[in-house]
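Asks: Reproduced below are the annotations present in Swiss-Prot:
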- 5-115: domain 'MTTase N-terminal' (DOMAIN)
- CYS14, CYS50, CYS79: [4Fe-4S] cluster 1 binding site (BINDING)
- 132-369: domain 'Radical SAM core' (DOMAIN)
- CYS146, CYS150, CYS153: [4Fe-4S] cluster 2 binding site (BINDING)
- 372-438: domain 'TRAM' (DOMAIN)
Amino acid sequence: MDRAPRISFTSLGCPKALVDSERIITRLRAEGYELARKHDGADIVIVNTCGFLDSAKQESLSAIGEAMAENGKVIVTGCMGAEPEQIEQAYPGVLSITGPQQYESVLDAVHRALPPAHNPHLDLVPPQGIKLTPRHYAYLKISEGCNNRCTFCIIPKLRGDLVSRPANDVLREAERLVGAGVKELLVISQDTSAYGVDLKYAESPWKDRQVRAKFLDLARELGELGAWVRLQYVYPYPHVDEVIALMTQGTVLPYLDIPFQHASPEVLKAMKRPAAQDKTLARIKRWREECPDLALRSTFIVGFPGETDADFAYLLDWLDEAEIDRLGCFKYEPVAGATSNAIANPVPEEVKQERYNALMARQQKISARRLKRKVGTRQQIIIDEVGPTVARGRSKADAPEIDGAVYLSSRRPLRVGEIVTAKIERADQYDLHGSVAGF
């Protein structure tokens, strides 16, 4: 082969999987492989799959099928690869199937099918690695796996128990990213607030001090690097209360992504989730008293087996009181291997849809009410996209792709990644509108 070997890559699923894809691509680029924009222009295709829900598995199978049709040489990795039988049955011609985080196995499969053109040269890639996100923000994965055993979830089966990175390893990566121009670090894992439990909060050397592998300590150190720090996938352990002070001080963004999943004590017990939602409401109230700018994002499941009309009504009432700023909702799907499949009294599909519609309608009103309070205020906005007359950005209350946006007019040209102060002039159900202040 006279040219460098070319790889096409499809990455599906959550931000954790996206980080896995970035690591694989970084290693391949260091070995001289080039990235092709289309499958039919590549020598081989890698598909990083999602296997959490049946709908995600179908999307993964469709992506594998497209790669097989357009190229024919396909390596499959990711969460669905942890249970390869369905892939093998549908596409027996794939070259290799591996589970999540098996970077070396993916590289070995690539080497067997498409040897590198030359010896590795690490200077082919920037020191912070290859990123699949825009230049101004990056996902920072601090651990793998999860020690919780929620009945609807098979992530521990796919990704194993919690394995945290040493604090100095995380901080070195974060510092490289900020040095390369990243303005926002999105801290992710399966269970961000459990960070360091497996390490027994061991210290590691960083700069002129020792830093514990602990949620609060890591958040504090990340906040000293000069970028926005956004905490996502936070399980509501009691020690989460401690990080609110960092938000009040401006060390990290006043934003918490906590997947509460439900509010009814009976449903939460069936899910094996924290069930004292009356105490959670009291905590939310304290958090907002301490940090009035705090934005809360959460996800909820409707139609969980055994969920009654009373359980769902309890959830709606709880949402009215909690006033979650940003909300995602899923209709329950039975997942192969999940213990929730054995719970009695499954909810009919039409009832799931009715409850989904009702919850999202309720949340739309809550969101509109909370956003309306921001009209007339000044907010810091990070610019994601620049158009001819209007730029699209996000406030500190908005994570990329999953939350709302802020649409801005400006008398001067704006740049992607720039952080500006804007006056908020109008709000709708999910988004804000305004203009860059001072011009």
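The backbone N, Cα and C atoms fix where each Cβ goes, and this holds for glycine too.
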Asks: I want the residues beyond CYS14, CYS50, CYS79 whose C-beta is within 8 angstroms of the mean position of the [4Fe-4S] cluster 1 site's C-beta atoms, in chain order.
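Replies: Residues close to the [4Fe-4S] cluster 1 site, other than CYS14, CYS50, CYS79: LEU12, GLY13, LYS16, ALA17, THR49, GLY51, PHE52, ALA56, GLY78, MET80, PRO100.
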Asks: Taking Cα atoms as reference points, which of the binding-site residues CYS146, CYS150, CYS153 is nearest to CYS50 ([4Fe-4S] cluster 1 binding site)?
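Replies: Out of the listed candidates, the nearest Cα belongs to CYS153.
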Asks: Other residues with Cβ within 8 Å of the Cβ centroid of CYS146, CYS150, CYS153 at the [4Fe-4S] cluster 2 site?
Replies: ASN148, ARG149, PHE152, ILE154, ILE155, PRO156, GLN190
Asks: Tally the residues of the domain 'TRAM' (372-438) by DSSP class, grouping H, G and I as helix, E and B as strand, and everything else as coil.
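Replies: Going by DSSP assignments, the domain 'TRAM' (372-438) contains 1 helix, 32 strand, 34 coil.
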Asks: Could you tell me which three-state DSSP class CYS79 ([4Fe-4S] cluster 1 binding site) falls into?
Replies: helix
Asks: By DSSP, how many residues in the domain 'MTTase N-terminal' (5-115) are helix, how many strand, and how many coil?
Replies: 57 helix, 21 strand, 33 coil
Asks: Determine the most Cβ-crowded residue among the binding-site residues CYS79, CYS150, using a 10 Å radius around each Cβ and all protein chains in the structure.
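Replies: The largest 10 Å Cβ neighbour count belongs to CYS79.
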Asks: At a 10 Å cut-off from the C-beta of CYS14 ([4Fe-4S] cluster 1 binding site), count the other C-beta atoms across all protein chains.
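Replies: Within a 10 Å radius of the Cβ of CYS14 ([4Fe-4S] cluster 1 binding site) lie 17 other Cβ atoms.
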Asks: At the level of the C-alpha atoms, what whole-angstrom distance separates CYS150 ([4Fe-4S] cluster 2 binding site) and CYS14 ([4Fe-4S] cluster 1 binding site)?
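Replies: CYS14 ([4Fe-4S] cluster 1 binding site) has its Cα 18 Å from the Cα of CYS150 ([4Fe-4S] cluster 2 binding site).
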Asks: Whole-number Å only: compute the distance from the Cα of CYS146 ([4Fe-4S] cluster 2 binding site) to the Cα of CYS79 ([4Fe-4S] cluster 1 binding site).
Replies: 14
